[in-house]
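**Q** The structure under discussion is supplied below as C-alpha cells; questions concerning it will follow.
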Amino acid sequence: MVVMAPRTLFLLLSGALTLTETWAGSHSMRYFSAAVSRPGRGEPRFIAMGYVDDTQFVRFDSDSACPRMEPRAPWVEQEGPEYWEEETRNTKAHAQTDRMNLQTLRGYYNQSEASSHTLQWMIGCDLGSDGRLLRGYEQYAYDGKDYLALNEDLRSWTAADTAAQISKRKCEAANVAEQRRAYLEGTCVEWLHRYLENGKEMLQRADPPKTHVTHHPVFDYEATLRCWALGFYPAEIILTWQRDGEDQTQDVELVETRPAGDGTFQKWAAVVVPSGEEQRYTCHVQHEGLPEPLMLRWKQSSLPTIPIMGIVAGLVVLAAVVTGAAVAAVLWRKKSSD
C-alpha cells in the first residue's frame, strides 16, 4: 500500500478539519473517501466528503464534468478561491494515491483484475465540551472490511490481517503516525473551531423532534405502535418503549436515524402489542433540543394508518436517494466513536 504524504490528506491551507455542535457538547469533523475500481470502464471512481457533526459541508466526485471540491453548506462558501484550489488539488492527489493503493491491495490479496474493489478511508477529530481535542482517528477499509487503523494514542497502528501488516510496516518506516498526530492535534482542531464559528447558526443549534405515536393493526389480537420523531437536529436521539414502566426489547423495531433532506433528521421505533393493551405502552424520547425527556402514548385521535404509510414510503425513497448520492463514502463509519 502506498503511504500518503500529509498534503494528500485534505489538509486545508494551513487549517484543520473537525466536527460540529454547540460548545455545550462535543463536536466532530470527519472526512470520508471511497475509491471504487470498475474494470473495463476506465479508472476507479473517487468520491470524498467532509462532515462537521451531522452536516456535510464539502464534496468531490471524480465523475463530475469538472471534478472539484465543492461546498455543501452556506457557511463554507465564504472561503476564498485559494481555499477551493488547495482543496481540489489535495483531493485529486489523494484520489490518485488511492487508485494506486487499489492496485497494490489487489496484489496483496491475489485478486483478479476483472473484479471490482473498494478502498474506503476516514480521518477526523472530536472536540470535548471544553473545545479541546477529545480524540483523533484514521481508518482504512478494503472491500467493506477493516484494514488498517490509527490507534487511540495516535502513535501506532492496528492491522486487520497479514496484508495490512505490510502497510503497517510501511507506515511505521515513514513515520506516518507522527504526521497524522500533528494534523489531528493541530490543523484539524483549528479548522473545526473555525467552521463552528462561521456556521454557528446552523451547526450549534438544537431543533427538538416533533413526535407522535401511530397505531397499525396487524391481526385481530395484536397491533403495532410506532413512535415517530421528525425534524430534529443534531442526529443523536434515543427512542425507547416501556410497558408498565419497564423497558421493552423484544418485538421492538428501531430504524437508523435518517436525513430528512432539509438539514434535519427522522427516526421511529415500533413495538408489537396485544390488542386492547395499547395504553400500557409508553414511548420515551431523549434529545438535546428537549428541555426534558418526552413520554408519549397512543391516542385514538392519532393519524390513521394510510397517511402514515405514505410517510414510510417517502422515507424509504428519501433514504435511497441520499444513499445513492453518498455512494460508498459513507457506508463505513465504524469505530468513529470508539
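Yeah, the Cβs are placed from backbone N, Cα and C, and that goes for glycine too.
Look at Swiss-Prot and you will find Tyr31, His94, Asn101, Tyr108, Ser167, Lys170, Gln179, Arg180, Tyr183, Tyr195 tagged as peptide antigen binding site. Swiss-Prot lists Asn110 with the feature N-linked glycosylation site. Among the features that Swiss-Prot reports, region 'VL9 epitope' is placed at 3-11. Taken from Swiss-Prot, the feature region 'Alpha-1' covers 25-114. Residues or ranges marked as region 'Alpha-2' in Swiss-Prot: 115-206. Summarising the annotation, Swiss-Prot assigns region 'Alpha-3' to 207-298. Taken from Swiss-Prot, the feature region 'Connecting peptide' applies to 299-308. Feature annotation from Swiss-Prot assigns signal peptide to 1-24. Taken from Swiss-Prot, the feature topological domain 'Cytoplasmic' applies to 333-338, supported by sequence analysis. For 309-332, the entry in Swiss-Prot reads transmembrane segment.
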**Q** Calculate the distance in Å between the alpha carbons (Cα) of Gln179 (peptide antigen binding site) and Asn110 (N-linked glycosylation site), and round it to a whole number.
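**A** Between the Cα atoms of Gln179 (peptide antigen binding site) and Asn110 (N-linked glycosylation site), the distance comes to 31 Å.
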**Q** If I take the alpha carbons of Tyr183 (peptide antigen binding site) and Asn110 (N-linked glycosylation site), what is the distance between them in whole Å?
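**A** Their Cα atoms are separated by 34 Å.
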**Q** With a 10 Å radius around each C-beta, find which of these recorded positions (Asn101, Asn110, Ser167, Gln179) has the fewest other C-beta atoms nearby.
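**A** With the recorded positions Asn101, Asn110, Ser167, Gln179, fewest surrounding Cβ atoms within 10 Å: Asn110.
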**Q** Over all pairs within Tyr31, His94, Asn101, Tyr108, Ser167, Lys170, Gln179, Arg180, Tyr183, Tyr195, the annotated peptide antigen binders, what is the largest Cα to Cα distance, rounded to whole Å?
**A** 39
**Q** Would you list the DSSP helix, strand and coil counts for the residues of the region 'Alpha-3' (207-298)?
**A** 3 helix, 55 strand, 34 coil
**Q** Let's see if you can do this one: DSSP helix, strand and coil counts over the region 'Alpha-2' (115-206), in that order.
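**A** Counting residues per DSSP class in the region 'Alpha-2' (115-206), I get 39 helix, 29 strand, 24 coil.
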**Q** Mind giving me a neighbour count for Tyr31 (peptide antigen binding site)? Other Cβ atoms within 10 Å of its Cβ, every protein chain shown.
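**A** I get 22 for this one.
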**Q** Including all protein chains shown, what's the count of other C-beta atoms within 10 A of the C-beta of Tyr183 (peptide antigen binding site)?
**A** 22
**Q** Any idea what the Cα distance is from Asn110 (N-linked glycosylation site) over to Asn101 (peptide antigen binding site), rounded to a whole Å?
**A** 14
**Q** What does DSSP give as the helix, strand and coil breakdown of the region 'Alpha-1' (25-114)?
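**A** Helix, strand and coil residues of the region 'Alpha-1' (25-114) number 31 helix, 27 strand, 32 coil.
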